[in-house]
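Colleague: In case it's useful when we look at the structure, here is the feature table from TrEMBL:
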| type | residues | note |
| --- | --- | --- |
| BINDING | 105, 106, 137, 138, 139, 140, 183, 212, 215, 237, 267, 293 | pyridoxal 5'-phosphate binding site |
| MOD_RES | 238 | N6-(pyridoxal phosphate)lysine |
Ligand SMILES: Cc1ncc(COP(=O)(O)O)c(C=O)c1O
């Protein structure tokens, strides 16, 4: 899908026409959003899926209330991490039996990074450096720093700029690098990194790679197995619409699966958990990446979002996402030209995820004013207004209306009011 006219000639009715011709239009009905709301924060928390409340009710009233403990077997609770893992694999290009849904992204990163370092340490003990993006989501950096400290074995976390990653690590890939942890799409700017070429550059340097797919799973085509990557992690609550705090996933390449040494070796990763043996023996295959008992209500609700993503052609999603962000960027640049706004999301499609980020010196207050009008994006330090574009429930007219609202707010300095300076704990 391409935008036929640029904004010099484009108007709201042209956007309405684009929405009428949209192949993904019907998916809007799979979600429940409040009236009079434009929801541009699906890159942070996806929208509520249509059957979520009913599914939670069913799990609570029937499976828990009536089935009680029997439901671990009869309702398939025990198998949910693997069952949902298969559904995630279908979205991110994992092989059968390569992925489980469990824990949080942060915890899964700890497990994956620990296992990768152990593998590397056996093969190349002199490699003690972990590289990650300076602009990676801070939790990933903190988890790596925490792991290095726990290991107390000379590991060092080094931060590299996004440009260094895109260029294939010309300055940072030395024979001391053991592991590279990369977020596929920068959470602040929306910059996308090429998985295949970046993975090749890392492997050529003798290091392993873990990809964080939080901001790309469900938003664009991913071919984990085909890319040659080693491991990947990601969440289900953004573009996969799993619900607040829904469980994350972990994928490990087939080749590495049974060499994966689980640092959080709880009973769910045991080969025979119900033998209650005092001796640990890791399960073969993906159950090895589990740790302990999972939140079944949350996991059951997350399945609805995964089913929607599995039922859609990701190439069509990507095409519409790029058309939406092209339109957004074009409108910002032409209709807000006299304001101190900078688009920080890359213009090149190959480097763009599914969001548009712009900066404004009063970014927080501007976003607060937009949210007061029912146009929900979010704000990230410093000065960044983020607009997530989820093609399944966002249309071209909503992009038009958002930029027009921004124009009104900026032209009339509506952001300049005391209530728009007050920050909650979550921005
Ligand atoms: C890229 C990225 N990685 C990791 C995380 C942390 O996820 P969690 O809080 O589920 O561990 C987030 C959260 O938004 C994220 O965006």
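The backbone N, Cα and C atoms fix where each Cβ goes, glycine too.
Source: prediction; values computed, not measured.
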Colleague: Measuring CB to CB from residue 183 (pyridoxal 5'-phosphate binding site), give everything in the same chain under 8 Å that is also at least six residues away in sequence.
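Modeller: Result: 133, 136, 137, 140, 193, 211, 212, 214, 215.
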Colleague: Please go through the recorded positions 105, 139, 238 one by one and keep those whose C-beta falls under 6 A from any atom of ligand 1; give the result in sequence order.
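Modeller: Checking each Cβ against ligand 1, the ones under 6 Å are 105, 139.
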Colleague: Can you tell me the CA-to-CA distance separating residue 267 (pyridoxal 5'-phosphate binding site) and residue 238 (N6-(pyridoxal phosphate)lysine), as a whole number of Å?
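Modeller: Here the two Cα atoms are 29 Å apart.
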Colleague: If you count other CB atoms within 10 A of each CB, which of 137, 267 wins among these binding-site residues?
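Modeller: Sorting the candidates by Cβ neighbours within 10 Å, the top entry is 137.
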Colleague: In whole Å, how far does the CA atom of the residue listed as 'N6-(pyridoxal phosphate)lysine' lie from that of residue 105 (pyridoxal 5'-phosphate binding site)?
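Modeller: Residue 105 (pyridoxal 5'-phosphate binding site) has its Cα 12 Å from the Cα of the residue listed as 'N6-(pyridoxal phosphate)lysine'.
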Colleague: Given the binding-site residues 105, 139, which one has the fewest other C-beta atoms within 10 angstroms of its C-beta?
Modeller: 139
Colleague: Which of the three DSSP-derived classes (helix, strand, coil) applies to residue 183 (pyridoxal 5'-phosphate binding site)?
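Modeller: Strand, per DSSP.
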Colleague: Given the pyridoxal 5'-phosphate binding site residues 105, 106, 137, 138, 139, 140, 183, 212, 215, 237, 267, 293 in the record, what is the largest Cα to Cα distance, rounded to whole Å?
Modeller: 31
Colleague: Reduce the DSSP letter at residue 215 (pyridoxal 5'-phosphate binding site) to three states and note it down.
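Modeller: Residue 215 (pyridoxal 5'-phosphate binding site) sits in coil per DSSP, no helix or strand.
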